[in-house]
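All remarks here apply to the structure that follows.
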Amino acid sequence: MSKFIKSFQYGKHEVRFETGEIARQADGAVMVAMGDTQLLVTVVGAKNAKAGQDFFPLTVQYQEKAYAAGRIPGGFLKREGRPSEKETLTSRLIDRPIRPLFPKGFMNEVQVIATVVSLDPEIGTEVPAMLGTSAALSISGIPFDGPIGAAVVGYKDNDYILNPSSQELQESDLELSVAGTSDAVLMVESEASELSEEIMLGAVMFGHEQMQVAIDAIKELKAEVGKPAWNWEAAEEDIDLKTKVFDAIRSDIEAAYDIADKMDRYAAIDAAKTKVMEALAATEENPEGYDAGDIEKMVGKLQKEIVRGRIIAGEPRIDGRDTQTIRSIDCQVGILPKVHGSALFTRGETQAIVVTTLGTEKDAKMVDDLTGSYNDRFMLHYNFPPYSVGECGRVGSPGRREIGHGMLARRGVAALLPTADEFPYTIRVVSEITESNGSSSMATVCGTSMSLMHAGVPLAAPIAGIAMGLVKEESGFAVLSDILGDEDHLGDMDFKVAGTEQGVTALQMDIKITGITQEIMHIALKQAKEGRLHILKEMEKAIGSSNQDVATTAPRFFTVKVKPEKVREIIGKGGATIRSITEETGVTIEIDDDGNVKIAAVDDESANAAKARIAEITAEPEIGKVYDAKVVKIVDFGAFVSYMPGREGLVHVSQIADERVEDVNEYLKEGQEIKVRLTDVDKQGRVKLSIKAV
């Protein structure tokens, strides 16, 4: 067993690859360390593709182990369960830059598993996870046109920061993840505080430049310990079949792409497919015909050639637009009467109903990850039901795509949200995609902005999002604004930008080809800004600023300040007192150790009742004041009475009546309601109560 180690300096951290000792039965296995953050990344590929396989079955699984941070998992089973949101998003982050680097036609199953085994809370796991995946694939022998590098870029005080620590990210105006090869950027994911397009592009180029040291190290690792490359070659294209398919239905497909309506267009394309299948596919009557799957692939190639060729030639796009025109937009707010905030955003054949719900601090989502537990007071949930694309399908818990799209939309609006001190609500936004033909995540950003403003959330500025596309051939390129679903599928780049009039708040880029230059990205960002500003103007027609007040059905907050030593009295034994207040008044109460009592109520009457109860509990005894009291216990020398919530005092036998009292039971009974006057408080805080002084 021989272990090989490759180390290099990456910014302020040392990165170390170890291979040859652990997980030796995997095709590729690398233990990657960045400081004290360490992951085991393994790659396994099936030597043969399954018969009839018509897609590339790549799966990436990023998983965090509690022991990596010296913790034991919670829950009854005390072991890791279903993937967390962070694990799902990181799996997607690894998948996106490596997927386009597998050769066309490669259909063998490949599985990547990245396991966090040691964690330094100040060093994130995303960069070592992507570098470890790149290294494991590079040495595995599996066909892979890598390696890739990865970096996280921060921005503070006009300077870019390479792979910032967790503390630095909290103070940064930017968190941008970028991955790419030695000569091309492949993936960007970012969240920003209204930064300019120039700063965003500069961050991408800075990250790509800095990651070259990692790419070079992985190339050296491959040269020294890489396994022999698999003997795999893509099947040769069937020119005869291609000619027959193209000749048979080219005119039909061209006519289909003159149809603006998506469903009508798909029907025309399906008719053309049926026509060519009937003519060329193998059947019992025609066993010499072609495989139906091969014919389907050729139809796809014809579709791609026609759509891309028209765009490069400067002809109108599928729905008749030029490259910069945005589809027609319709915006409405207040479409649902009993919710706290709602909006309907429609852009062409993409539509979202977005609903905002306001809650209290107790409604915040408790997140428990390797770094610890915290409460998240802003949630954005994206749902993509099958009917939105006219299909039947699974309905249930969200998939990876829905989680990813929801997080992208969340990043787009998060920087504009008020602080907890400015707006003490927990906020949940749900985006229901009711129609989809491209850019539903950006429709969610637009709908979220309007829904939040309608709910009375004081956003710093309205936010809009737009999806850009790219078609690039040897003869030229075209950047497309507000892409359709087909343009996303048939194009070379998916480029989503969210932001305000002032700047960018989120940027996501996935590039399927090499050769995307800085000039092309600059044009795309500039064109995206123009489109974003147009969309913001359309949104402003429905709602231009946040409503001044929240909905009447939303909770309202009232704050009462009490002395810290009174907190225990409000809570009561085992929480009995505070529970009785909430049950009797219908409010929600949150209280901290500093004496800040936050009351959430749906109306003033409930709030006032709760405040009155709290005032009673925390009130200080006043000498000379008459109180309504109840006899709690009778003793030989008097009676103990409850005269204030949580407070008891003694009425001495001499203070029960004007005459001499021989037997207290002749004058008082336990449970009897009486009036008493507080006559004095001694130095120990003990009160003197009198019945006869009333």
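Positions of Cβ are set from backbone N, Cα and C atoms, glycine also.
Residues or ranges marked as Mg(2+) binding site by Swiss-Prot on the basis of sequence analysis: Asp488, Asp494. In sequence order, Ala467, Met468, Gly469, Ile483, Asp488, Gln508, Met509, Asp510 are the residues near Asp494 (Mg(2+) binding site), counting only same-chain partners six or more apart with C-beta under 8 A. DSSP assigns Asp494 (Mg(2+) binding site) to a strand segment in the three-state reduction.
According to DSSP, the domain 'KH' (555-614) comprises 32 helix, 16 strand, 12 coil. Annotated domain 'KH' per Swiss-Prot: 555-614, in sequence order.
Across the domain 'S1 motif' (624-692), the model assigns an average pLDDT of 88. According to Swiss-Prot, the domain 'S1 motif' annotation covers 624-692.
DSSP assignment over the domain 'S1 motif' (624-692) gives 6 helix, 36 strand, 27 coil. A 10 Å cutoff on Cβ-Cβ distances gives Asp488 (Mg(2+) binding site) a total of 17 other Cβ atoms nearby, all chains included.
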